[in-house]
């Protein structure tokens, strides 16, 4: 942690220290830093700017060996800890150790790798933050505004509908009031006419009562009496005007039907028959889908069975081909054996008779005397075939002057020209 230096130079003790030597654990001014570097024994010390380090941590005891109070010089690989020179011959004796610079180099590489990984993760986090801050917030605001507009338009529609219903209900009341008012006005008008006639007759009777002349009174009275007779009856008081009260149930029902019309997607809302047909069609569609799924499953199972049978057929065809090849091979061997058997029969006959071209050929090939030839022709046919074949090596032993026949592995005298057991030629 950077801080302003308040320490004096350890060497000159006058100027403020601007550098710090980790090995000397002292502050140095610029001039004394140059003197310090000229000392060969101090040339490898680590010197840094004093303003970029935390002196409270650097000057603490954790940079020295707690046991021997010496500077750390080595790194113990077994204990994974820093040790001083005395630790090498005491508590860490026999342990493998190395210079601190080596382990620090490895740790620096590990720190660099960790730094790169953290940098990549920080970049990824920044990208996520930018995306969320830009895209998500923008989408949130946009979607929120869309919903708010939808709410306002919905309530505007609802308000418009309710307002229209309110106007209709008010208009109904006003129409009823106008009709009732016209009826009352008509009643009052008729009643006024009747009242006027009564007033006229009443006035006429008052006037005629003032007439002193009898004949005049009589004539006028008869005329007025007719008017009194034909006067209309006094109309009865009409019923009080009735203003229909608000049918809230009907109003709420109409509002609910309007709201239901906004959320109901049925084809026909007022036709129960069509609605039932639609329900039946939907149910039939679901049943058909289930049937299709069942048939598809069966077809898949049959397809798998066909594949399995096809594989079995291919395996059987392969086995059949192999058996055919074996049969062909056996047929060839049988044919060859048959030919050899016929040939052996002919050779045997020729050898026994001692005549014929084959017998003469075998006799000409044999270089022995007649007695030996007689022994040859008395041997079995297989031995004769061996006789006519090129000579084979005979294994002999040096201890007893005998030879071992390579055909039957029997011991024979060294002077014999044929094996006395199988008849093979020497």
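Here the Cβ of each residue, glycine as well, is placed from N, Cα and C on the backbone.
As the structure is a computational prediction, the values presented were derived from the model and not from experiment.
As written in TrEMBL, here are the features:
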- 4-50: domain 'B box-type' (DOMAIN)
- 60-100: domain 'B box-type' (DOMAIN)
- 271-340: coiled coil (COILED)
- 348-371: region 'Disordered' (REGION)
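Long-range neighbours of the domain 'B box-type' (60-100) within the same chain, counting only residues 6 or more positions beyond its ends whose Cβ lies under 8 Å from a Cβ of the stretch, are 22-23, 25. Residue counts for the domain 'B box-type' (60-100) by DSSP state, with H, G and I taken as helix and E and B as strand, are 8 helix, 11 strand, 22 coil. DSSP assignment over the domain 'B box-type' (4-50) gives 13 helix, 11 strand, 23 coil.
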